[in-house]
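Chemist: Shown below is the structure under consideration.
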Amino acid sequence: MILNHPNPKQYDFYQYHTYPPQFYLKRAQDAGDWGYKYKYFLSTKDCIKLWIKNKIRSCKSCLSLIETFLCTASVAAGIGNLYRLPQTVISNGGLPFLVAYAILLVFVGFPLLFLELGIGQIVQDGFMKTWRAVPFFKGVGYVKLLAGCLILVYYPLHMAMSLYYLIWFAKASPPFLECATVRMEKDGYKADGISGQECIQKTFLESPFEEPTWFGIYSALILLIWLIVMAWCIKRSKTYEKALIVFLLCTLACLIALIVKAIETNQFQGIEGFVTNVDWDILAKSEVWYFAAIQVFFSTHLGFGVFTSNAGVIYKKSNPFWTSLGYIFLNLVFGVLAVCLYYAVSHNIDPAPSNTTIFEIHLLTHIYDVVLQAEDADMQIWSVVAYVTIVFAGFISMITIMYTIIKALSLETKNKLRWWQLSLVLSFICFVLGCATLLCPDLDVLHIFDYYIVGNLIMITVILEVLSFMIFYGPKRLQSDFEFILGNSLTTVWLGLWYLCPLLLLGIFIWCLATMPLTGYDSDDPLWVYATGWAVVAGALVFIVIVGFYTAAQQVEYFTFGDKFVASFKPSRNWGPTDPMMLHNWMQWQSKAQDGERDFTLKRRGTKEYTHSVKNRSKYNSKSYTPTISDSSTISGTLTYKKGDQLKNYESYLRSNSYEKPLRVTSLIDVMDSTPINTFQRNSVSGGYKTNYNPLANVNNTQTVQVSYLDGHTDGSTSEGYGTYRKGPFVIEDDGLEHVCHRRSSFNEQATEL
């Protein structure tokens, strides 16, 4: 398609990385007027192919954006948001608790999610790699791994119980035969059902030592769930993203059906009671804010490493700020909708759990009670839809956390086990542990996991993670990394929020420990229950410290333990992006950022976003600059390049000077040349065009380099240095020069050509 070009590869690079394709298409049509020695001709057929190719690329980009949005919405519709949030709201005060949850979600969840996504885009791998920034706190990553595994143990218990209700509803209408009491009346016999909690304890939660049949049914349902999860996770991200989208669409269909049913039957009495019967004084209690903070982590999957792992797969080309904002909005919408539907379905039945209720399954048994007392025959159908919604939401959360844990384990084992092997082993272990929890009566082990261990572990790890990054990694490094990711400056407001959020969570945690009983919230738990729960939390803290000292001792670059200990709080050598090109740009950015300079195009070069920014001229600042010209006699005055006239002025400059040889500006291709430059013969004019080589291509310390000539004189001009276009193209216009070079400014720098 492009003919007679001295270097088609270079031309293709500039076609997609310097100016938009439309510019080259127009220049190819009137190449003779532009003053190039080489002409580029595009036939009509080639133009049509180029147009079709651009349209296909545009369609793929739109599909990619839609896929990212659906995956984000899917994570927001997990079981922690659609099941655990309504259950927590009704047991902690109703509307005031929901308000406290929304406040913490916006002012704590949003900044922390923004931080996690940004770090994830730097890491581009599992969340365990995050701790290469502060190696001493590597144990925090292992504690997160433990919390995620415990989630995988007891989430299938809720899902299996929902499947149990679905199967029994398909067999007969409630009350179930196993839970019915028959009495004789004048017109015949009538069956009365017992409450849902009593029914589930007589059947599904019956001790396996007394009635093994129910235990076998429960275990079979858990096995079925794990087979489905393993099938969706066995092929890495190929099936992971598809699974999120499929289960999201199924969940949305169920939610829409429930909303339509509530509107048609005018079931708003429960919602009216939820809004009107409000006691705002409970906002002064510590337990409200404590449970609201814990619920933020369960609803958003924040702190489990989900977004750090997904940042390199789903969100690798997304802006972390807008992604975080959109996710928090969707999460709040799904959560409020689930709470409203729960109260709408409740009718006149008090949804609050009693003291004898197994709290972790209260929502499931309450739906059964509603169907049992409802006069509407269709209520059984809508209860089935509600149970199916919980199952689909459970699959979303399980697949998300399963993928996150396998990715972390793959990184830690250095790929010694294949992905499908890790998936199989993890599924088997979690299945066995899930069945083992059923051996304990009344789901006490599930209560330990959910009430004592997982929530507290996640809160502690989030506090330690954010504080370690802010204190030891440093706000300046963090700000520089985020500016590299975002492509624009980061205000100090975010740094203040990242300091404030962990301190706020720490204050809530300490307030809770000082005022709430450690033996349980509503009722005193058995000694072994709360002792086991708090012992695991305390052991996790000790484990983090032990791993920290072990990591410090493994620092092989230092000899004394004191030096090793100090070095464990500094970023390791392998900290940074995984992608080689992005790692190169990131290191280049860091070297420039040390001198306070910013080149916001480094990360986006080569992407469609960067191409559009060049096309729209919206990413260039309006500062004027003077190019470094070896001979100032040929140019009078200063060339001004602004947003709207950069291309026009450069074109007019070339036309006015009638260049016979094409010129080329410094690019990343130059710095990627692995051949060391030990000779100056390449500076001569060869191939019909001249090369302006980046003067600091192999420099570790960024310095301003002065332009010098072969005879030793200088004209006072300087080169901006490594990896920037902000001072415009460097032009060599004197054909009589035999050699032009940049003087070596330090011993670390190789002499390079201009």
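Counting begins at 1 with the first residue displayed.
Using the three backbone atoms N, Cα and C, a Cβ is placed for every residue, glycine included.
For reference, TrEMBL lists these features for the protein:
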- 62-83: transmembrane segment (TRANSMEM)
- 95-115: transmembrane segment (TRANSMEM)
- 136-157: transmembrane segment (TRANSMEM)
- 215-234: transmembrane segment (TRANSMEM)
- 243-263: transmembrane segment (TRANSMEM)
- 288-313: transmembrane segment (TRANSMEM)
- 325-345: transmembrane segment (TRANSMEM)
- 381-406: transmembrane segment (TRANSMEM)
- 418-439: transmembrane segment (TRANSMEM)
- 451-473: transmembrane segment (TRANSMEM)
- 493-516: transmembrane segment (TRANSMEM)
- 528-550: transmembrane segment (TRANSMEM)
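Please go over these features one by one and say how buried each is and what sits next to it.
Modeler: Within its own chain, the transmembrane segment (95-115) has Cβ neighbours under 8 Å at 85, 88-89, 274-275, 278-280, 282-283, 288-289, 291-293, 295-296, 299-300, 302-303, 307, 320-321, 324-325, 327-328, 331-332, 335-336, 339, 462, 466, 469, 494, 497-498, 501, 504-505, counting only residues six or more beyond its boundaries.
Here the transmembrane segment (215-234) has Cβ contacts under 8 Å with residues 156-157, 159-161, 163-164, 204, 206, 208, 240, 242-243, 394-395, 398-399, 402-403, 406, 419-420, 423-424, 427, 430-431, 434-435, 438 of the same chain, all six or more residues outside its ends.
Same-chain residues lying 6 or more positions outside the transmembrane segment (243-263) and placing a CB less than 8 Å from one of its CB atoms are 67, 70-71, 73-75, 77, 82, 232-233, 337, 341, 344-345, 382, 385-386, 388-389, 392-393, 395-396, 399-400.
Long-range contacts of the transmembrane segment (325-345) within the same chain: residues 69, 72-73, 75-77, 81-83, 85-86, 89-90, 98, 101-102, 105-106, 109-110, 113, 255, 258-259, 262, 267-268, 270-271, 273-274, 299-300, 351, 363, 367, 370, 382-383, 386, each at least 6 residues beyond the stretch ends and with a Cβ under 8 Å from a Cβ of the stretch.
Outside the transmembrane segment (381-406), and at least 6 residues removed from its termini, the chain residues within Cβ reach (under 8 Å) are 74-75, 77-83, 126-127, 145, 148-149, 151-152, 155-156, 158-159, 162-163, 165-166, 169, 225, 228-229, 232-233, 237, 240, 243-244, 247-248, 250-251, 254-255, 257-258, 261, 301, 304-306, 309-310, 341, 345, 364, 367-368, 370-371, 419, 422-423, 426-427.
Here the transmembrane segment (451-473) has long-range neighbours at 112, 115, 119, 130, 133-134, 136-137, 140, 143-144, 146-147, 150-151, 293-294, 297-298, 302-304, 359, 495, 498-499, 501-502, 505-506, 509, 520-521, 529-530, 532-534, 536-537, 540-541, 544, 569-571, meaning same-chain residues at least 6 beyond its ends whose C-beta is under 8 angstroms from one of its own.
Here the transmembrane segment (493-516) has long-range neighbours at 107-108, 111-112, 114-115, 285-287, 289-290, 293, 456, 459-460, 462-463, 466-467, 469-470, 475, 478-479, 482, meaning same-chain residues at least 6 beyond its ends whose C-beta is under 8 angstroms from one of its own.
Outside the transmembrane segment (528-550) by six or more residues, the chain places 136-140, 142-143, 146, 444, 447-448, 451-453, 456-457, 460, 464, 518-520, 565, 568 with a CB less than 8 A from a CB of the stretch.
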Chemist: Is it true that the transmembrane segment (62-83) and the transmembrane segment (288-313) have 3 or more CB pairs under 8 Å, sequence gap of 6 or more?
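Modeler: Taking Cβ pairs at least 6 residues apart, the transmembrane segment (288-313) and the transmembrane segment (62-83) are in contact, with 3 or more under 8 Å.
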